[in-house]
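Student: Just passing along the structure, written as structure tokens.
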Amino acid sequence: MEAQTKKGLALPYDADIGATPSTLRKRIRKNLDLYLCLTPGLVYFFIFCYIPMFGLLIAFKDYNIFQGVLKSPWNHFAYFKEMVHLPDLYKIIRNTLMLNVLGLIFGFPAPIVLAILLNEVRSKYFKRVTQSLLYLPHFMSWVLMGGMIYALLSPKYGIVNQLLQAIGLQPIYFMGENAWWVTVFIGSGIWAGAGWGTIIYLAAMTTLDPHLYESASIDGAGRWKKIIHITLPGIMPTVVVLLILNVGHMVSIGFEQPYALMNPLVMDVADVLSTYIYDLGIRQGGFGLTTAIGLLQSAVNLALVVGANYAANRMGREGIW
Amino acid sequence: MSERTDAAAVGPRYRSRRRRYSGWDAGFHIFNYLIIGLIAFLCIFPFVNTIANAFSSSHAIQSGKVTLWPVDFQLDAMKSVFWDDNVIRSMFVTIYVTVVGTAINMALTILTAYPLSRRDLAGRKYFMNYMIFTMMFGGGLIPSYLLNKELGLLNTLWAIMIPGAISAFNVIIMKSFFQNMPEELRDAALMDGCGNIRYLARIVLPLSGAVMATIGLFYAVGHWNSYMGAVIMIDDPDLYTLQVRLRNILLLSQMDTSLEVMQQQGKLQVIEESLKAATAVFATAPILVVYPFLQKYFVKGSFLGSVKG
């Protein structure tokens, strides 16, 4: 025992492998203050992340506030059976998927195109100013964005409809018609995210070898050819990884954007999982049922994220972990 | 002569910039500047329009005369926002949440990230996995809500500051930054008898100003803009944050517009468009004011995130 401790002492302080029990103890004792630092964080994750996971049990129980999670009786999957017969749920899932898929189709290429255009700008001043303007919406709250969208598209006073009328068209009630509402939702997502999304692609472009562009010029390639044959292939790894990670988030949708944009006229397309769970769970007190829905959503989400990361790693790229 | 060598030193990009554009390329360039200019303008137009609206008469707004600058300039709307006790109280609530919340965020994020950045921390891998798992799976809204209820946080400002106190994502960014500090620095400090905590406080933190500013700004903007937490956890009007107050003011008119369409008539009282705009400007002004100065930190943060996301 004594000998082992001595051996432990002889090891360099940050030896990572071959830790015998006593060297392990030694290493822990030496960094006791670090563990103390780490404790609040570990406790935080335990209370606010792991206890709610344990709280998912109420999806399988007749939850009753007075009896608590543990003592409430099991209910033999009653919520899951109820869920199948919930007519709204199909609509909610369809809306969530529809908005996410359309957001991917139109929202995903937007920052790529924008980044390519920005990359071709040679005036540093022009580039810096436009980038500042393009990033700005990312830092605005959805409450404000929603308010501005409603004001701009208002059928009576909104500037868009006044333009339409000025060129002799009928005013459109954008926020009151399903198809238009979906268009506005996707468009507002692009408005908020496309500029900010360019950063990662611009970073990828700065790593491309300038000699490639030069030799292409010597061979007589114009801007367009250089974009197609050098820039695009160069950022393709980044594009693939981001695409895969985006697919991993197909069943999760934020709360604030749909909540800020929805109104009673368009609930057929605007009601999504997050807003539905909020309304049915917290406003109407259907805790068990909405927890069951949330559990399914989390499970599918986990499967997609793990699958996406696996796919990203398989492509020889670094995933998220 | 010297200009030539300079150009060669900076690299081929610099040189190609000197070349005159011709034909296709010239066309492409003009088109490119126009299109980016247009997109940037469209991006920013709603904000400019809202600011113009805040200082225009409601009549001018409703007749569609206001686009980029105020028409029939007035300050009444802004004044009435400043005289509205509810809005001012909400502003203080939001300032409190932003300041205290960000302080809690930063303290906990640093304390979590630093130990995890140390390769000699036994069990580091398990702690990392323990944290990363929470990024992939969670209890969801209802169990979290019930937990806050059990803890008695509901209807207190703690409910919007504590449950999101640490972002695992930010811990990872900060951890990677700490990891990139030279090991020799710590060796030297240890040699002089400096403990872990003192090393963190005296050497690591003073050297990580940029990453601290960036992550602090992300947390602060998040608190300022956050709406969901406040709307779910807080019913007490005295504790409404600025975003909730703004939403309520905007919503009034939004409901009016849909009612108008449903009833096909415009008899409802004319909404104070300029008042709405003024509240929006008031609630957003702090971000607009600091944005131009701090933008580089925001962008830096995004780079940090993309290095190892």
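In case you wondered, yes, glycine gets a Cβ from its N, Cα and C as well.
Automatic, uncurated: that is what TrEMBL annotation is.
Pasting the feature list from TrEMBL:
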TRANSMEM  B:26-48  transmembrane segment
TRANSMEM  B:91-114  transmembrane segment
DOMAIN    B:91-294  domain 'ABC transmembrane type-1'
TRANSMEM  B:126-146  transmembrane segment
TRANSMEM  B:158-178  transmembrane segment
TRANSMEM  B:199-221  transmembrane segment
TRANSMEM  B:277-294  transmembrane segment
Student: How about long-range neighbours of the transmembrane segment (B:199-221): same chain, 6 or more residues beyond its ends, C-beta under 8 Å?
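Tutor: Contacts of the transmembrane segment (B:199-221) (Cβ under 8 Å, skipping residues fewer than 6 from its ends): 98, 101-102, 105-106, 109-110, 114, 167, 170, 173-174, 177-178, 181, 185-186, 189-190, 287, 294, 297-298, 300-301, 304.
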Student: With pairs restricted to those 6 or more apart in sequence, evaluate whether the transmembrane segment (B:158-178) and the transmembrane segment (B:26-48) have 3+ C-beta pairs under 8 Å.
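Tutor: Contact absent: fewer than 3 Cβ pairs fall under 8 Å.
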Student: Going along the chain, which residues at least six beyond the ends of the transmembrane segment (B:126-146) come within the CB cut-off of under 8 Å?
Tutor: 112, 115-116, 163, 168-169, 171-172, 232-233
